[in-house]
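Shown next, in structure tokens, is the structure this report addresses.
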Amino acid sequence: MAFLRNGGVGRPNSVRWERKMSQNERQERCRREWDNYSRQKSLDEARATLETRWNQDMNQVPKPSDARHRCLTERRARLAMLLQTDQARWEAEMALMGQGRGQRKTLTVGEVEDVKARVDAPRRVREDRRNKAWDDCQSASVATNLDVRCAELKKVETAHSQERTLEAKKPALERAERARCMEEKRCRERERQKIHAEVLQKQMAELKEREEEAKHLARECVLLMREQEHLEMETRQRKMDEKRRKQAELGPHQHASSPNPRHCLNKHVEVKLRQRAREVQQDLEQDKKLLEAMEKADEERSTVAKERCERSLAESRWLCQVLEQQIELEKEREARMVYIPREEAERELQRREEKWERERMARVRLMEQLLEDQVQQVHASLIANRAKWEESIKNREYLIAQLEAEREKEKQEGLKKTMEMERWKDQLAAQAQMDPSGEVDDKSDACIPESEEL
């Protein structure tokens, strides 16, 4: 019973187990075969795809031309005639072979071979033509240069991987290029602002110089006008003094008809000599003071041409020396009048009157010429100063207008930069919203403070 139990129970189980194992092995073997077959099929399809792609140009059938079409038509006609001829021969042979069903003609080996050759000849021709066409279409490198094809395939894959790498790096490169362009733009902007600041400083310094020059010219114009008025007043004073002197000379002659003419004449001659000597001395002193005032004015006037100023100073100094010598000479003559006899007084008076008149006329002409030259110089200096003052005012107005234009330009540039900064911030905000991770390029964020500094 135990044997039956063990054998009856154990043996069927072992058989079932063997069957199951063999079934599993068969399934595993089928699965492996199927996998190998699928892998081989995939490789064949890939190889066929590559060969088709490599030989695509060779497999392309060109559009037949008219001459080729005629050639193909003639070939079809010849082939049709050959087929008809072979068909007729075959039918004739079959008729010979089948004459009389009861009579079978025995063929020799040579005849059988001849028949086979005639039957197989068209097939061989067709196969040869097909093989030739296939060899012409297929490149020799497809079968022989497989390594070259594999190398080309690796190159293509390498190029594709490089392109993918470049595509992945393209945003970073674009950001770096954009940052570099912005840095160059900021450098150019800083350089331009530096040059602009230097130009503005030069213009401000020039404007200050123009204002100082205008003030100096205005003061010189006032001084020249005062000097001109002083010269005119001196000229009028000289004319009035000359008029009074003439009236004084005409006064004593009215008493010539008084009693004791001899005594009166001698007394009159002595008094007149002394009076005329003092008048001449006073005139000389007055001319000397006038020349000293003119010399001082020439020294103070710095805007007049140097040559004219030096010439005027030399003339004034020379005239002052001459007048000093004349004053000393008149004082000596006045001192000698005490020792002149009364008889010679009249002759001396007449002689001195003539000499004084000549000296006075020469001195008057010289002083008038000097005063006229001085007035002309003052007038020319006044005109030149007014012209310079007007030109300085025009230059100052031009510089002020230019500075105003520069300020307006800077204001417009500031507004433009503010608008650019707002647009840049809007772009960054939009980029941050579009980026799901919420990360924005650090270089783009770093550009904002530098742009705000501009």
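Quick reminder: no glycine exception, Cβ is built from N, Cα and C everywhere.
TrEMBL does not curate its annotations; it predicts them automatically.
Among the ranges 152-189, 190-227, 342-379, the stretch that TrEMBL annotates as coiled coil is 190-227. TrEMBL lists coiled coil at one of the ranges 50-77, 106-133, 274-301, 386-413, namely 386-413. Averaged across the coiled coil (386-413), the predicted model reaches a pLDDT of 80.
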